[in-house]
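Contents: one structure, followed by commentary.
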Amino acid sequence: MRKLFFCGVLALAVAFALPVVAAPKAPADGLKMEATKQPVVFNHSTHKSVKCGDCHHPVNGKEDYRKCGTAGCHDSMDKKDKSAKGYYHVMHDKNTKFKSCVGCHVEVAGADAAKKKDLTGCKKSKCHE
């Protein structure tokens, strides 16, 4: 009976630990995105409460996380490009299938004016330098 109990506890421990071990390692902080007029320094550690899939989307049905501006993804740097290829659009549009940076920040800031300025402002915000 003890062996069976021990095996059950061990199986549960492995089952709960597996997703943590299998999760992709986030890139180092200080990722500088310079495709916009005002560069953004992105820190994954600041966003650790957000699931990878909340920002990154599957590529060919796989969770193949890549940089947003990777060739074939959001590689159109034309600010007026409102398609899914438009880099500016996917970062700033509040109504995309996957949450944009600004869309998520608006939600997080809520009605707090100071947070709104910090998280959604173009100049002197916590995003743009």
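Placed from the backbone N, Cα and C atoms, the Cβ positions cover glycine too.
When HIS44, HIS47 are compared with the heme c 3 site residues CYS101, CYS104, HIS105 in Swiss-Prot, the one appearing in that site is HIS47.
Note: the CA-CA distance between HIS92 (heme c 4 binding site) and HIS105 (heme c 3 binding site) rounds to 10 Å. For CYS68 (heme c 2 binding site) paired with HIS105 (heme c 3 binding site), the C-alpha to C-alpha distance reads 18 Å.
The Cβ of HIS92 (heme c 4 binding site) has 17 neighbouring Cβ atoms from other residues within 10 Å, across all protein chains displayed. Residues near HIS74 (heme c 2 binding site) in space but far in sequence (CB under 8 A, at least 6 apart, same chain), listed by position: CYS68, ALA84, LYS85, GLY86, TYR87, HIS89, VAL90.
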